[in-house]
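S.K.: Please read through the structure below; I'll follow up with questions.
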Amino acid sequence: MQMVCLPRLSRVAVCGGTHGNELSGVYLVRELLKVKKGVMEKEEEQEEEEPLSVLKVLSNPRAMQQCRRYVDTDLNRCFTHATLNGLTSGTVPYEMIRSRELNAMLGPKGRSGAVDLVCDLHNTTANMGLCLIAYSDCDWICLHIFRHLQRKMPDIPMRYIHFEVSNKESYSLDSVGKHGFAMEIGPQPHGVARSTVYTAMKAGVQHMLDWVCFFNSGTLFEGESVDVFTMIKHIDYPRDSETRNITAAVHPHLQDRDFCPLHPEDPLFQTFSGETLRYKGNEPLYPFFINECAYYEKGIALSLARKRRVLIPTIRVQTEQEQAAHVQELASEEEE
C-alpha cells in the first residue's frame with residue numbers, strides 16, 4: 001500500500017460521563033479539568049507552532065449527578081443526523097437537548113468545523129479488556145492509535161471493534177468528530193470505580209494524546225496488519241412468549257469469555273429450569289458485551305463479530321501545501 005498523508009489533528013476532545021454511571025471516564029475527565037494547562041497535553045515539552053488543543057468534556061452532567069446511565073433516554077444513541085437536525089416540539093428528552101449542545105460544541109457532525117478526534121470514555125460490565133469501538137475499518141488514524149496502544153500496553157487485552165454503520169446513522173458521541181472512537185474498558189460494575197480499570201483508561205488516554213503529538217510533529221508511522229472485529233448481529237435472551245420475561249441466563253461456559261470463538265452447538269444459555277440452549281449459528285463468531293448489564297433493556301444478551309486481518313498503510317501528517325489543498329477540497333464538498 002502507498003503512504004497516506006492525512007491532515008493535522010489540531011483539536012482533540014476527551015469525553016467522560018456520556019453514561020453517568022460509568023465512573024472511570026467521569027473521574028478521569030474531572031481530574032483533567034483540575035489542571036488548567038493540561039498536564040496530559042505535555043504542552044511544556046512540545047515546541048509546536050500550533051500546540052494541541054484538548055477539550056475535556058463531561059457529557060451528561062445530570063445523569064452523572066444521579067449516577068444513572070441516563071435521565072430520559074440514552075445520550076449515546078442521540079447523535080444520528082435525524083436526531084441532531086430534527087424539529088423540536090413538545091417535551092424534549094434532556095439527552096436530546098444535550099446531544100445538540102454537544103454537537104454545537106464539538107461539531108457540527110460531518111462538517112469541516114468539527115473537532116479532529118473524539119475519544120469518548122466508557123465502562124462495560126463485560127470482560128472485554130480495553131476496546132476501541134469505531135464506525136470505520138479504514139480510518140487509518142483510529143487504527144494507528146489502536147496499534148500504538150497495543151504496543152504501549154502489552155499486558156492489557158485490547159481489541160478494535162467495528163460497527164458497520166453509515167455516517168448519517170452513526171448514533172454515538174464519538175461520531176461527531178472527523179475521527180472518533182469509544183474507549184470501552186471492563187469489567188467494572190456500573191456506579192463503581194475500580195483502580196485498575198481507571199489506571200488503564202488513564203494510560204490509554206495518555207498514549208492516545210502522545211500519539212497525536214508524534215503524528216502532528218511529522219513522525220512516520222509504518223503500515224502493518226491488525227485484527228478487526230466487525231459486529232455481525234446481536235442475540236437476545238430467551239423470553240417467555242407471553243410475558244416477555246427472560247427465561248435463561250448466559251451459560252457458565254460462555255460467561256466472561258468475550259472474544260473467544262463461539263462455535264455452532266457450543267453452550268449459549270442455561271434456562272432457569274436447568275436446560276442448556278446451544279448456539280445455532282452456521283459459523284464460528286466472536287462474542288462480546290457478554291451479559292452487559294446496561295443491555296438488558298435493549299434486548300441484547302451478547303453481540304457477535306467476525307474477525308479479519310486489516311492492512312493499515314504507512315501514514316504521515318500533510319505538509320502545509322497538502323493541508324491547504326485538502327481544506328479547499330472540503331470547502332468545495334460542503335458547497336455541493
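Cβ coordinates are placed from backbone N, Cα and C, and glycine is handled just like the others.
Look at TrEMBL and you will find 10-210 tagged as domain 'Succinylglutamate desuccinylase/Aspartoacylase catalytic'. If you look up TrEMBL, you'll see HIS19, GLU22, HIS122 marked as Zn(2+) binding site. The feature active site, proton donor/acceptor is assigned by TrEMBL to GLU184. Residues annotated as domain 'AstE/AspA barrel-sandwich hybrid' in TrEMBL: 225-307.
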S.K.: Cα of the residue listed as 'active site, proton donor/acceptor' to Cα of HIS122 (Zn(2+) binding site): how many Å, rounded?
M.R.: 5
S.K.: Same chain only, sequence gap of 6 or more: which residues have a CB within under 8 Å of the CB of HIS122 (Zn(2+) binding site)?
M.R.: THR18, HIS19, GLU22, GLY25, ASN76, ALA182, MET183, GLU184, ILE185
S.K.: Compute the mean position of the Cβ atoms of HIS19, GLU22, HIS122, which form the recorded Zn(2+) site, and then list in sequence order the other residues of that chain whose Cβ is within 8 Å of it.
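M.R.: What remains near the Cβ centre is GLY17, THR18, ASN21, GLY25, ARG69, ASN76, LEU121, ASN123, THR124, GLU184, HIS190.
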S.K.: Looking only at Cβ atoms, how many others are within 10 Å of the one on GLU22 (Zn(2+) binding site)?
M.R.: 30
S.K.: Report the DSSP secondary-structure composition of the domain 'AstE/AspA barrel-sandwich hybrid' (225-307) as helix, strand and coil residue counts.
M.R.: 3 helix, 35 strand, 45 coil
S.K.: Restricting to the domain 'Succinylglutamate desuccinylase/Aspartoacylase catalytic' (10-210), report the mean pLDDT as a whole number.
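M.R.: Here the predicted model's pLDDT, averaged over the domain 'Succinylglutamate desuccinylase/Aspartoacylase catalytic' (10-210), is 93.
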